[in-house]
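**Student:** Copied straight from TrEMBL:
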{"type": "BINDING", "residues": "31-38, 148-151, Ile177, 185-188", "note": "ATP binding site"}
{"type": "ACT_SITE", "residues": "His38", "note": "active site, proton donor"}
{"type": "BINDING", "residues": "Gln62, Gln154", "note": "(R)-pantoate binding site"}
{"type": "BINDING", "residues": "Gln62", "note": "beta-alanine binding site"}
Amino acid sequence: MTQVIRSSAELREKVAGWKRSGMFVGVVPTMGALHDGHLSLVREARRQSDRVIVTIFVNPMQFNNADDLTKYPRDEGHDLALLESEGVDVLFAPEVTEVYPGGFATKVSVAGVSEPLEGAFRPGHFDGVATVVAKLFGMTQAGRAFFGEKDWQQLQVVRRLVEDLNIPVKIIGCPTIRETDGLAMSSRNVRLSTAERAAAPALHRILQAAAATLRAGAPARETLLAAEAEILEAGFREVDYLDLRSVEGLRPLGHATEPARLLVAAWIGDVRLIDNIAV
Ligand code: AMP
C-alpha cells in the first residue's frame with residue numbers, strides 16, 4: 001500500500017521512524033502526470049533504497065507562464081495507482097499552502113549554471129526549482145534523490161545546490177526514457193495534437209544527426225544553424241535554443257572537443273518541448 005501524506009509534519013514523523021530502524025530513504029521529486037520516464041526513476045530508487053517517497057507537487061514558483069501552469073496535466077488517482085504497482089511507500093502530495101504558507105519569504109537562487117538556456121528563456125524558473133527542491137530535501141530527509149537527464153540543466157542546478165548548501169543528499173541522474181519513435185517522454189506530450197505528435201519525434205532525430213556531425217569535427221555554429229532550419233521544416237513553430245555545451249558547467253563550445261551535450265527547446269503548436277543528448 002502506498003500511503004498518501006499531505007503534511008510535512010506527518011512525513012517527518014514517518015521518515016524518522018524509518019531511520020530509527022536503520023532504513024535508507026530515497027526520494028523521486030515529480031510534478032505528477034506520471035509516465036514511464038518517472039517510473040524508471042522510481043525503479044532506480046527502489047533498487048537503491050529501503051523506502052521510497054515520490055513527491056507530486058506542481059510548483060507554481062517554477063512556472064514563468066500562467067497558461068502553462070493552468071494547462072499542466074494532473075491526475076493524482078491514476079498516478080497513485082501507478083505508484084502502488086511500483087511498490088512506492090509514500091506519495092507526498094502537499095497543497096500549495098503547505099509548501100508556501102503565509103509569510104513565506106525565502107528564495108534559493110543558483111547562479112552560473114542556471115543562467116543560460118532554460119534560465120534565459122524562462123526567467124525565474126530555476127529559482128523556483130532550486131527553492132522547492134531544497135524544501136523537498138528538508139521535508140523528506142532522504143539520503144538519495146533521483147532526477148532525470150531529460151532535464152539536464154535542472155540536474156546540474158540541483159547538483160550545484162546540494163554541494164553549495166551542504167545538503168546531505170546524493171543526487172542520482174537517470175537516463176532519458178523515450179517513446180519507440182524517439183520522442184522523449186514528457187507529461188506535456190498529452191497536449192500534442194495528432195499531427196503535432198506525429199511531427200515531434202523529428203526533434204530527437206535531428207539532434208542525433210547533428211551530434212554525429214559534431215562528433216566528426218564539424219563546427220557548432222554551422223551545424224546547429226542547419227539543424228535549427230530542419231527542426232522548423234519538420235513542423236516546429238519556433239526554436240528557443242539549440243546549443244552545444246560542456247556537460248557539467250554548460251559552457252558554450254565551438255566544437256565537440258570535450259565531453260559535451262546538445263540541448264534544445266522548441267515549440268510545436270503551443271507546447272514547448274525540451275530534449276538533450278550526449279555528443
Ligand atoms: P517532472 O514531473 O517533469 O518535473 O519530472 C520529474 C522528474 O522526472 C525529473 O527529474 C525529470 O527529469 C524526470 N523525467 C521526466 N521525463 C523523463 C524521461 N522521459 N526520462 C527520464 N526522466 C524523466
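Residue positions begin at 1 at the first shown residue.
Yeah, the Cβs are placed from backbone N, Cα and C, and that goes for glycine too.
Any idea what these are sitting next to in the structure?
**Tutor:** Annotation for Leu34 (ATP binding site): spatial neighbours Ile56, His78, Asp79, Leu82, Leu83, Ser187, criterion Cβ-Cβ under 8 Å with sequence separation of six or more.
Residue density at His38 (active site, proton donor): 28 other Cβ atoms are found within 10 A of its Cβ, drawing on all protein chains shown.
According to DSSP, Gln62 ((R)-pantoate binding site) is assigned to a helical segment. Same-chain residues at least 6 positions away in sequence with a Cβ under 8 Å from that of Gln62 ((R)-pantoate binding site) are, in sequence order, Gly124, His125, Phe126, Asp127, Gly128, Val129, Val132.
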**Student:** Identify which of the following recorded positions, namely Leu34, His38, Gln62, Ile177, place a Cβ less than 6 Å away from any atom of ligand 1, and list them by sequence position.
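**Tutor:** His38, Ile177, in sequence order.
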